[in-house]
Amino acid sequence: RWIKFEEKVEDSGERWSTPHVPALSLHSLFQLRTCLQKGTMLLDLDASSFKEIIDKVLSRQSEEAELQPELRERLTALLLRQPRHQPTKSPLRLLAELSLSRCRGRHGAWLWVAKSRSEPGAQLSETPLKEQLRNRFKKKVPPGAEAAHIAVGEVEFLEKPFTAFICLRRAVALGSLAEVALPSRFLFILLGPQAKVKAYHEVGRAMATLLTDELFQKIARQAEHREDLIAAMEEFLDELTVLPPGKWDPSARIPPLSSLPSPHRRTDVHPPDWQSHSNGDMAAAGDRAGLGHPCSREELERTGRLFGGLLRDIRRKVPWYSSDFSDALHPQCLSAVLYIYLATVTNAITFGGMLGDATANMQGVLESFLGTAFAGSIFCLFSGQPLTILSSTGPVLVFERFLFSFSQDYSLDYLELRLWIGLWVAFFGVVLVATEASHLVRYFTRFTEEGFCALISLIFIYDSWEKMLRLADTFPINWQYRLDNVTSYSCVCNLSSPGGRARRWSGPKVSVRDPSSLPALFPQPPTVSAVLSRTQCLDQGGHLLGTSCRYVPDVTLVSFLLFGGTFLSCTTLKRFRSSRYFPAGVRKLVSDFAIILAILASCAIDAALGLETPKLLIPSELKPTNPARGWIIFPFGANPWWVCLLSVMPAVLVTILIFMDQQITAIILNRREYKLQKGAGFHLDFLCVSLLMVVTSVTGLPWYVSATVISLAHMDSLRKESATSAPGERPEFMGIREQRLTGLAIFILTGISVFMAPILKHIPMPVLYGVFLHMGVAALNSIQLTDRVQLLLMPAKHQPDLAYLRHVPLCRVHLFTIIQLLCLALLWVIKSTMAAIIFPVMV
């Protein structure tokens, strides 16, 4: 059987072989051409049953090939026998059925060997059998598929071959003829004298292979004369590739490619890769080279009218608004919500903590939570690309630190100055939307996109490791530990005053002696009447003495194990979809919920060990982090009046930063390779971000812009793939589940996380850092730059067959990569210094 690829029943007769590319002999194709030239051919035949087809075939034979009435009756009886199918069964139900199998073509071609495949005495049923209707194999057949049937074999009563090719006017169900109940259009019959069964079998395989070819199928459906079919076969032979004998093993099974070229490219005038080479978009099957730059898309064309691009974005998105909620009713969306929610919460805590350190808690973790929830929810409801996840970003954090330092140096109120900058940025943003400045995005090239995406990905990877190393500083490892000195390791609480007298407290008198150190410190040590915990000791004004007070056993080691285990689990489970184990439905479910399963497993391990690893801490009270500020920032009163005018200059820099950050992320998310159907909204997105600047500035909340890595992870978690795939064929990528509900749910959950602190406090921070590392690595692997960096380290003979390597000299590819890496290094240096204020200009 064939569905795109050939499968054979193994010699044991118990199982189907692995799908493989059919290898045909050239002689069998020539024999098939002879059969089509001389045999019976009925095109556009109107028939409704298999018996009617056989009767019409036998009645329309030429005079030279006409059979005697007795032979016709025997042939009819033979063809109308019930074929014995090789069922696709589970291992528990697999029964041994020794037979040479049938084969099936895309949209089904079945090959039977009549001598051994028919049930003795059983007649073909005109209605499908229960086994056909219940056959699990039908799940592999794409919707709208049709079956083609090839019957070949040797019979003792024929003296010369009988050949017939039939194409029905319309596809009809032929009862119990097929393995699964499908309508049929094509039939091919080749029966002949004994001793030539191998030749017949190869001709049948050649016919089935032809019917799996989509171009031959298309011509055969429209053929009106025998010559049309012969011409289609000649076209097939023109594209044939011949392997010389002795250079390969004909019995070897060629595995299917992971990605096949489109059949439409075979009809192009230009070579397959010429078009992609000529426009710089090196799109190729199985190659991540083609990023699908949207430079020619209608979304980025200027209208020449004020707010013309914005109005066009709104008109484009309004018809999809209701489906943006109904399309989210799928279990995959639940997985995406839980995954991105945890990533968003971790990001909010991280940036909130860093903002608190940079601004003396004028903005802290609580402000980060509330701002993320509010800005993200509004953006998901009204933006043009609701799959985007808003977040604080590194460059914005650098600007906030610089602005707070400037305010302190010149005795200005930080939040009031920040309010005016935010208002100016919002004004400039509206002006840019009105003048359709987003059309400049069409000039962003792969160079800029990959550099920016690589930078943000590396920031995620670097921050994950940096936080884990800081954790190791908080819970240090005792590298000087020696088992022989175990008796000298201790930690005691000293409540004694410097003069050696024990202090009194509300409980009993306490003094603890360290055998290794206290005799020297206290010649007359007081007696021990109670033992205090570390917290109690410090609360009572005491201090810890001893060689092991600084060390916490096992916490750092287990934290790194959780960190690495979560990263590896996320990566492995995400790839489980293409695994060989378990049914396709189970693999898809595990892959969709990969991140959640990894987090739950790591949390369970942490709970079982019972160690005090650092946990996720969320504020539980709705009040400003700094008591000196309120929830509304007033524009006048704390600073001189001219500050509102002075704010224009830094506002220009922030506008450039917001524009570049937002639009580069938007163009990455709207690549053609994601097959988005509902269109982009560059102008509408930037307007939403600009107007949100007003609200977040007035309330003293952080500024938000599109987060590249988290948004890419969000889209990756919503990938759609074909529900059916032929054996040996990878599921086809169908696009992204475009909707607004997952983003809205993520940000609402972020907002109410303040009330879920008792639950979330059980999640170890190393687990979330492992998720961050996975997101950074996944985003880094999604760009072509990663492939080209690997090429720098590969000898030419081991390099993969990438499309751009066929057209561009290798030295030019390496030069392009090195320049990209140097610019990336420059951006990293600028980002890490006080010069980060000019980061958007450098981009």
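Every residue gets a Cβ built from N, Cα and C, even glycine.
What you see is a predicted model, and the numbers here were worked out from it, not measured in a lab.
Residues or ranges marked as domain 'Band 3 cytoplasmic' in TrEMBL: 1-250.
The domain 'Bicarbonate transporter-like transmembrane' feature in TrEMBL is assigned to 305-843.
Positions annotated as region 'Disordered' by TrEMBL: 256-280.
Taken from TrEMBL, the feature transmembrane segment applies to 336-356 (among others).
Per TrEMBL, the feature transmembrane segment maps to 368-397 (among others).
For the transmembrane segment (417-435), the residues of the chain that approach it from at least six positions outside its boundaries are 306-307, 309-310, 400, 403, 407, 633, 635, 639, 643-644, 647-648, 650-652, 654-655, 658-659, 683, 686-687, 689-691, 693-694, 696-698, 700, 703, judged by C-beta separation under 8 angstroms. According to TrEMBL, the transmembrane segment annotation covers 417-435 (among others).
What TrEMBL records for 593-611 (among others) is transmembrane segment.
TrEMBL lists 631-659 (among others) with the feature transmembrane segment.
What TrEMBL lists as transmembrane segment is 680-705 (among others).
According to TrEMBL, the transmembrane segment annotation covers 741-760 (among others).
Per TrEMBL, the feature transmembrane segment maps to 767-785 (among others).
As annotated by TrEMBL, transmembrane segment applies to 815-839 (among others). Through the fold, the transmembrane segment (815-839) approaches residues 394-395, 398-399, 402, 447, 450-451, 454-455, 458-459, 653, 657, 785, 788-789, 791-792 of its own chain, all at least 6 residues removed from its boundaries and within a Cβ separation under 8 Å.
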Give residue numbers and ranges for long-range contacts of the transmembrane segment (741-760): same chain, 6 or more residues beyond its ends, CB-CB under 8 A. 324-325, 328, 333, 336-337, 340-341, 344-345, 348, 366, 369-370, 372-377, 379-381, 386-389, 616-622, 714, 718
Same-chain residues at least 6 beyond the ends of the transmembrane segment (368-397) whose Cβ lies under 8 Å from its Cβ atoms: 313, 316-317, 324, 340, 344-345, 347-349, 351-352, 354-355, 358, 459, 618-619, 657, 661, 665-666, 669-670, 679-685, 688-689, 692, 695-696, 699, 701-707, 710-711, 714-715, 718, 736, 738-740, 742-744, 746-748, 750-754, 831, 836, 839-840
Take the domain 'Band 3 cytoplasmic' (1-250) and average the pLDDT across it for me. 78
